[in-house]
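> Quick one: this structure, given as structure tokens, is what I'll be asking you about.
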Amino acid sequence: MNVFRLAGDMTHLLSIIILLLKIRATKSCTGISLKTQELYVIVFLTRYLDLFTKYISFYNTTMKLVFLGTSISIVWYMRYHKVVKQTYNKDQDTFRHYFLAIPCFLLALLIHHEFTVIEVLWTFSIYLEAVAILPQLVLLQRSRNIDNLTGNYVFLLGAYRALYLVNWVYRYFTENHLVRWIPWLSGLVQTTLYADFFYYYIKSWKNNEKLQLPA
Amino acid sequence: LQQDSVKDEL
């Protein structure tokens with residue numbers, strides 16, 4: 001494992017820790033899209049089916065279990081915790097799941113590496129992860145007030161896939177020049193979706209202003 | 001072009 005991959009994983013993990021911290025410490029999930037969080041549960045459930053079929057490393061298994069556990073607990077807090085659920089911006093979080101999930105599933109049926117259940121579901125999870133942030137970005141745009149923890153959460157979540165892109169370039173040149181179009185292109189799309197957010201995040205940070213996205 | 005199916009990433 002190279003340093004970019006590790007940095008990417010740690011950024012991803014940190015983003016989730018920040019989100020859980022926000023929810024647990026402030027007992028609030030304002031500004032967080034439940035739609036996006038539910039899509040991440042689907043992403044992890046469909047991607048990590050190989051937990052049962054293939055052992056890669058202790059690190060790999062542990063991280064997979066952590067991502068599954070934390071994403072499920074975030075959704076649990078937002079849906080069922082008696083205080084947290086009242087802070088959920090339901091009226092603004094209107095993006096439809098199936099607008100994203102169904103096209104991704106059809107695309108995975110058409111474009112995949114191998115036509116097996118595990119491989120198609122893995123491919124579906126890669127496509128879905130690329131666009132799963134959209135409900136969150138829409139919600140942020142509608143929010144007049146983005147708190148720091150939410151802003152940092154989304155920034156780290158975007159930075160994670162950007163670091164994976166660097167990792168893939170590094171692996172291409174240091175390993176056997178293997179081409180992996182499905183994750184590469186999806187990861188590129190995923191990172192591009194954050195471009196606008198990154199711009200305003202960095203601008204607000206430089207000017208020491210509160211983060212706000214133009215409507 | 002070779003395509004890789006190794007899933008050692010997260």
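Backbone N, Cα and C atoms are what each Cβ position is placed from, and that goes for glycine too.
Caution: TrEMBL annotation is automatic and unverified by curators.
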> Which stretch does TrEMBL mark as transmembrane segment, out of A:12-33, A:56-77?
A:56-77
> Take the transmembrane segment (A:152-170) and find every residue of the same chain, 6 or more past its ends, with a Cβ under 8 Å from one of its Cβ atoms.
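Contacts of the transmembrane segment (A:152-170) (Cβ under 8 Å, skipping residues fewer than 6 from its ends): 2, 4-5, 7-9, 11-12, 14-15, 18-19, 22, 32, 133, 136-137, 140, 180, 183-184, 187-188, 190-191, 193-194, 197-198, 201.
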